[in-house]
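Annotation source TrEMBL lists ATP binding site at B:11, B:12, B:13, B:14, B:15, B:16, B:17, B:18. Under the heading domain 'Guanylate kinase-like', TrEMBL lists B:4-182.
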């Protein structure tokens, strides 16, 4: 059985990663979605191992120390991270897994998991991204300016990724990601091992 | 306008290149199909520039001498080749072009056009390829044996290609090729130039 592929979906804040990932879950239910570990308390209805792996701060620190996380970050007093063993287990079962994550986290994952396929979700244009950030209409001008400059910085990280997918329409973006998944499974490297095995058998048995 | 992409569809003889390419024409009519040059006489109903570019032997030799062909070969007394200018013109118009060709020709194209995307059409297994070659039922055992050994040698050329597409069912094979075309258009490199231009404008105009 051939190994699965880790796909990392990232992109600047405001580009619509969560929306696209939710649509992708409906379109590709066979794809496994990475479950994060967190020290935050479970909310009503949240299940351990489904929404998050809920951990104590001690447990989480132990995971950091034993390199059990592909990346982690602290956010409003809680830790969040990507458990390596869940990703590894899924891949070794021959299943693909997708991880939706902000750009800094994605770069950390790349360091530990260079064989992953990194997809950068892009706005149709910088101007469009500006409109989306401003358009929420709930934030002060200073906050908007800050978010915009962060987004522009994040856009500059595109060159660390393998693919760029324009999020002009959610369905189109999902179709592009679906195509990338299919194409990655057609990469020549994934066939060479199996083919040489067949050729070996053919030559040895002289049955072809 | 961004440049189109050259896709080269190749694979061992007997794998079904022609059938898949014909199905692809129906599925993706916007894709341009490379037209070969030949010295063979036009058959009833064949149009110059549609089925082939019909050339005299002198014209064809001149094309060889002036490096106007991406590859060429002689087959039962006639020359066949891929005119470079038709490929270049199509790509510069921002359109993709696909070239269906046997494996030796594809390797020659790769030498002159390394930026092309090379797709190797594979049988589901060597045994399946054997069945397909034997199954035609019109050839002597010696011919079959020769075709089989050629096919195995051709399979060994997979490592020169970017992708491998298994031709288990024509429709599935077409879908995979369609996905590869979409994914190649999402390659990060194709976005970097345009993005930096936008970031440049954004920084200069300070309008973001």
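Placed from the backbone N, Cα and C atoms, the Cβ positions cover glycine too.
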Cβ-based isolation winner (fewest other Cβ atoms within 10 Å) among the binding-site residues B:12, B:14, B:16, B:18: B:18
Structural state of residue B:18 (ATP binding site), classified by DSSP into three states: helix
Residues satisfying Cβ distance under 8 Å from residue B:13 (ATP binding site), sequence separation of at least 6: B:102, B:147, B:150, B:151, B:154
Sorted by sequence, non-B:11, B:12, B:13, B:14, B:15, B:16, B:17, B:18 residues with Cβ within 8 Å of centre, ATP: B:121, B:167
